[in-house]
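Just below is one structure, and these are the notes that go with it.
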Amino acid sequence: MARAKFERTKPHVNIGTIGHVDHGKTTLTAAITMTLAAAGSAKARKYEDIDAAPEEKARGITINTAHVEYETPNRHYAHVDCPGHADYVKNMITGAAQMDGAILVVSAADGPMPQTREHILLAKQVGVPSLVVFLNKKDQVDDEELLELVELEVRELLSEYDFPGDDIPIISGSALMAVNALIDNPNIKPGENEWTDQVLELMKAVDDNIPEPEREIDKPFLMAVEDVFSISGRGTVATGRIERGKVKVGETIEIVGIRDTRSTTVTGVEMFQKTLDEGMAGDNVGLLLRGIKKEDIERGMVIAKPGSITPHTQFEGEVYVLTKEEGGRHTPFFKNYRPQFYVRTTDVTGTIQDYTADDGSAVEMVMPGDRIKMTVELISPIAIEQGMRFAIREGGRTIGAGVVSKILK
């Protein structure tokens, strides 16, 4: 049996379902795959398959996530759904499953709940660019005015966290009714059932409102330096994996981080001992750099397109602190705690200056298992940018995972 080839004919977009526990995220995920399977462009996945999500490890943290894929007439989607609330927090912060957009599921019967707010805040902090809302459990609400009220509440909540609350599409329906209809008749066609039609309407809103992500290869060039060699007669070679963009022989690049930024020319690109004209996102390459001595460059610096990234020492981060069971600390930590921040390829010591709760109030003590916003001051400047992931380590073990939510200086 030959392996199925991945046909890349449609643009690919990564999305996920977010929202409060028991509002129907997993049921909706099942409803989407079943509805699109009936329309001929997905493999139907039952609720049970999705809910029994396998464990994965991302940056040393165990997360349960279910991955399903499906297609609309215009796009191919990879969809992530997490069974537990803690899994969502960990997934969004570590970027284990990157989301180009998300479907926020809100129960029409209950309205926005604490985790609805928390997931919207997280989406904002970790840089999920666009949301579409599904008001679920519509079959449990008889009063049209109540639906309108919940919709208004959701829009206000979105606006509060700087999403365009007035413009985000809100589709109402019932994931469970759609699933039940499809169990009775797996071949429902568009126009035959109001509940499955609402799921199709939701997917059309996702198609139209969640923009296609910019491909890694189209972004400005960046490679984090992993190792440095000196080749006699040729000069200095820095090796690493190209994170984004592409680099050609003869191009000017900048070396950023730890010391003053320097500019030089790439005189060679090598991969597996072969010379290339250019290296691109995903390649592990060695770059030969003109006029750079071995001691001028070290692991932890980045090589990038001039002007595309700058070194910083102070930032705000949204952090998940590992529990004792996850291999994290057993005890709390306080202000002026000085762990290492593992950024791309290196550990940099930093001091945590303060902690802030979701409501903006100051927090004195951080416990294992907490999610917290912190302000960090690094001892040396490092190339960092908003949305970048990092780990917090202490004596070589990971005690937290975070994402840069704001650069301060």
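The count begins at 1 with the first shown residue.
Every residue, even glycine, has its Cβ placed from backbone N, Cα and C.
The feature GTP binding site is assigned by Swiss-Prot to 19-26, 81-85, 136-139. Residues annotated as Mg(2+) binding site in Swiss-Prot, with sequence analysis given as evidence: T26. Summarising the annotation, Swiss-Prot assigns domain 'tr-type G' to 10-214. The region 'G1' annotation in Swiss-Prot covers 19-26 and is backed by similarity to another entry. Taken from Swiss-Prot, the feature region 'G2' applies to 60-64, supported by similarity to another entry. Sequence annotations record features per position, and here Swiss-Prot assigns region 'G3' to 81-84 based on similarity to another entry. Per Swiss-Prot, region 'G4' is recorded for 136-139, and the stated evidence type is similarity to another entry.
Here the features listed in Swiss-Prot are placed on the structure.
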{"residue": "G19", "record": "GTP binding site", "DSSP (3 states)": "strand"}
{"residue": "K25", "record": "GTP binding site", "DSSP (3 states)": "helix"}
{"residue": "C82", "record": "GTP binding site", "DSSP (3 states)": "coil"}
{"residue": "K138", "record": "GTP binding site", "DSSP (3 states)": "helix"}
Treating G and I as helix alongside H, and B as strand alongside E, what does DSSP give for the region 'G2' (60-64) in helix, strand and coil?
0 helix, 4 strand, 1 coil
Among the binding-site residues K25, H85, K138, which residue has the largest number of other Cβ atoms within 10 Å of its own Cβ?
K25
Spatial separation of K138 (GTP binding site) from the residue listed as 'Mg(2+) binding site' - C-alpha basis, Å:
16
Would you mind checking how many other C-beta atoms are within 10 angstroms of the C-beta on C82 (GTP binding site)?
24
Which of G19, T26, all binding-site residues, has a Cβ with the fewest other Cβ atoms inside 10 Å:
T26
If you skip the near sequence neighbours and keep only those at least six away, which residues in the chain come within under 8 angstroms of D22 (GTP binding site), Cβ to Cβ?
S107
Taking all residues of the region 'G1' (19-26) together, what is their mean pLDDT?
93
